[in-house]
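Peer 1: Let me give you the structure first, and then I'll get to my questions.
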């Protein structure tokens, strides 16, 4: 009888979850790389790939390194307004604002994407404030509006969001997403906006104040994974969740004990800070460490990227990220990316984040694809466990 009750409770929790399917599509980096123009993109954005680094200076306005979004492949759908206007967004735990292009945007990138038309929504209100976000060498700017936002059937009322009227450079022209929905803490939200998930909690729209992310690394799966609001799905991971306290409530920031290569501590020997970030595609770290790491794994700069020989993956070292005393191992097959043309690229990228926020390591999609990640706002902690390979996910299952 006890086993039956436990099973019924599990089924109730699983089917009470709000699931947002994540589609896997071509990344921003993919298109210029296919055209042989990736090096030109880096030059335009002021990113010196020879030095293996991008930088983020906290003395500037709130900043998002543009390189973080270059390889993001996981996107979901939301709608804004009444009647609903649909948008494809990155669900980004590394930022806290929701923004989409405005119909009044004059940038080339906006013309290629869905744009919000406030005059068509009966529930829209103007906030009257402006906002600006720094992306690489340019800034994204616009106005703040208030409207209803729907995420997989969850109706969030009176949500503040950015309507971009100017987007930087030409990089977002090739993006598969229209905008970004931030899932970080309110302290890093620009313009005093309350993040979407905070409003979900305040409006009693979720069972528990947590959400979880599953990302499939199977390139042949048409559905990339899922974002779950209100809890987690234990069928998506093996073993138990290992909980890690959040050390700074801005990003989902945690303590990283050390980083090992083939069992030997090489980086972060005295401990360092890291963030678990669905909006960053790769694993990033201080450029001086990444230069050394790329050399260790045999990656070399080529065609605006860092490539490794696909035929020697079995000879490359194993990486282990030790977090709260638990080792999270990654094989070469897991920390490299293989293109359709058979070229393998390193899953590591240099990124210098200035104090006081940095230096930081960022555990992006390359890491999250191997470890189911739960973001618990109620207890300010992150849960991690090895993913269970799944058949293609079906919407709403």
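Every residue, even glycine, has its Cβ placed from backbone N, Cα and C.
Okay, so Swiss-Prot annotates it like this:
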- 92: active site (ACT_SITE)
- 277: active site (ACT_SITE)
- 105-110: disulfide bond (DISULFID)
- 268-272: disulfide bond (DISULFID)
- 310-344: disulfide bond (DISULFID)
- 74-385: domain 'Peptidase A1' (DOMAIN)
- 86: N-linked glycosylation site (CARBOHYD)
- 130: N-linked glycosylation site (CARBOHYD)
- 1-16: signal peptide (SIGNAL)
Peer 1: If you measure from the Cα of residue 268 (disulfide bond), which of the recorded positions 86, 92, 105, 130 is the nearest?
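Peer 2: Checked the recorded positions 86, 92, 105, 130; minimum Cα distance to residue 268 (disulfide bond) goes to 92.
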Peer 1: Going by C-alpha positions, which of the disulfide-bonded residues (272, 310, 344) is nearest residue 86 (N-linked glycosylation site)?
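Peer 2: For residue 86 (N-linked glycosylation site), the spatially nearest of the disulfide-bonded residues is 344.
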Peer 1: Just name the most isolated of the disulfide-bonded residues 105, 110, 268, 272, 310, going by other Cβ atoms within 10 Å of its Cβ.
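Peer 2: Per-residue Cβ counts within 10 Å for the disulfide-bonded residues 105, 110, 268, 272, 310 bottom out at 310.
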Peer 1: Residue 130 (N-linked glycosylation site): which of the recorded positions 92, 105, 272, 310, 344 is the nearest Cα neighbour?
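Peer 2: Smallest Cα separation from residue 130 (N-linked glycosylation site) among 92, 105, 272, 310, 344: 105.
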Peer 1: By CA-CA distance, flag whichever of 92, 105, 110, 310, 344 among the recorded positions is nearest to residue 277 (active site).
Peer 2: 92
Peer 1: Looking at the recorded positions 92, 105, 110, 272, which has the shortest Cα distance to residue 344 (disulfide bond)?
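Peer 2: Going through 92, 105, 110, 272 one by one, the closest to residue 344 (disulfide bond) is 92.
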Peer 1: Taking only the recorded positions 92, 272, 310, which one has a CA atom nearest to the CA atom of residue 110 (disulfide bond)?
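Peer 2: For residue 110 (disulfide bond), the spatially nearest of the recorded positions is 92.
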Peer 1: Between residue 272 (disulfide bond) and residue 105 (disulfide bond), what C-alpha distance do you get in Å?
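Peer 2: Their Cα atoms are separated by 41 Å.
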Peer 1: Once the chains shown are all counted, how many other Cβ atoms turn up within 10 Å of the Cβ of residue 277 (active site)?
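Peer 2: So the Cβ neighbour count for residue 277 (active site) comes to 27.
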Peer 1: To the nearest whole angstrom, what is the C-alpha distance linking residue 310 (disulfide bond) and residue 92 (active site)?
Peer 2: 30
